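So that you can see what the record holds, here are the features copied from Swiss-Prot:
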REGION    1-63  region 'Domain I'
REGION    64-142  region 'Domain II'
REGION    142-146  region 'Flexible linker'
REGION    147-197  region 'Domain III'
Amino acid sequence: MFDYIKGQLTKITAKYIVVEANGLGYIIYVANPYSFSDSVNQTLTIYLHQVIREDAHLLFGFHTENEKDVFLKLISVSGIGPMTALAIVAVDDNEGLVAAIDNSDIKYLMKFPKIGKKTAQQMILDLSGKFVTIPEGGQAQQMPKAKGNQQLDEAIEALLALGYKATELKKIRAFFEGTDDTAEQYIKSALKMLMKG
């Protein structure tokens, strides 16, 4: 089992990042890969959780230990797998998640990808009162704004990887078309919009 990895960030995709440590490149699934954009080719520390399956060993990474703690609590709930938990952690407002669980707000919880009524009820049952700390969200600094829509395309691709439907994301794309921002900021803004419905 791993607690964290310290190495050089060598690659960012819509679903994962690659960190090289001791000559090996580790694929690490993260909530918002583009939040690491300012750290490409730099040494960084990523907190890890390893999932071992019959067909694969997967690493899930987090900016902070608090993010990791939220993820671990989420995957302890029956019906929530690691990818669904990552999609929930990706939402910047984890205060909203904690409040929804503590206030039994099923409708709010059902806004997350792949969370139905039954799973939302199970989240409330299993996690109510269990969040002592709230994660700070992404720790990455903003990178300089890029021209064109490449950043928006990357953000949409990352949201698809988190489990959001293409039909939902058409509205997001239309809303942000013609704007100039980073993929990280597009993702944060889009997640807030998606959670509001």
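Count begins at 1; order follows the chain as displayed.
For all residues, glycine too, the Cβ spot is worked out from N, Cα and C.
From a predicted model like this one, the values you see are computed outputs, not experimental measurements.
Helix, strand and coil residue tallies for the region 'Domain I' (1-63), in that order: 7 helix, 39 strand, 17 coil [DSSP]. Taken through DSSP, the region 'Domain II' (64-142) splits into 44 helix, 0 strand, 35 coil. Across the region 'Flexible linker' (142-146), mean pLDDT in this model comes to 32.
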